[in-house]
């Protein structure tokens, strides 16, 4: 009886261990199923081991006599020799507490190692960082304000003027400019705050279009267009530009050149070059009805009177009457030029 009891106890313990072994394999199977694509071979081995263990358990329950063989087969076929190469098998119940403690101890060691590594990294980082700047602070760039005078003139381009020295630089600079004597009370006040506005104005001046340089060939086309249109007082800038057919030429440029040309044509003719012995004030005369009168441009206070010369002898009186009826222009050609003597 004692033999049977001892045999029953061994059989029940072995069956219990086999059930625990199957449960551990099932837990591992659940873990591996998450990584089914990455670990297909492991999953297949675990499933085969679980099936073989269950098969042996069912056979051993039917045949009580072969319990020793079942235990040996289950341990050999399902045994951990195959799985110890892949992963450690987790035993349940009694050994679970020990494994949990071991895992907690490993986790604490890992945490302490990570903290130590983090402290080392922080210390290395603090050593590598430079806490002060060796280079001195840059000096502030103090730009003096610039003053630009604004004048109302007809010129298209105004050059920059040099800065005038001022007594107080901190006070705002205000420059008031009066335009011309014709305007009574109108004045323009221009205040420039700093170098920023000066740079903007300088950039705007540099971005301006360069003035047109009228070459002799371009001026010749201009004169040819004026001749076709009937003169400078009749032609318009747009018509002149269309006739000239020059790339890049604008109406404003043609208009400016036309105004200059009109002013040039209105000027009187330049006086004849004088020698050293002549009077520095050139005397100009004009003829009116056969009488010579000095022009208004002369600044001399003398009075001139014509001195008649002896006319040529004519044969008939009809020629005299015809000659007297001629215009001053024709009479000046036929008669002798009278000599002028200054009267004081």
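Glycine too: its Cβ is placed from the backbone N, Cα and C atoms.
The stretch that Swiss-Prot tags with DNA-binding region, taken from the ranges 211-236, 237-262, is 237-262.
Listed ranges 267-305, 306-344; the one Swiss-Prot annotates as region 'Disordered' is 306-344. Annotated by Swiss-Prot as region 'Disordered', the relevant range among 57-89, 90-122 is 90-122. Listed by sequence, the residues of this chain that lie at least six past the ends of the DNA-binding region (237-262) yet keep a Cβ under 8 A from its Cβ atoms are 156, 212, 214, 218, 221-222, 224-226, 228-229. Taken together, the residues in the DNA-binding region (237-262) have a mean pLDDT of 89 on the 0 to 100 scale.
Each residue in the DNA-binding region (237-262) gets a DSSP state, and the totals come to 20 helix, 0 strand, 6 coil.
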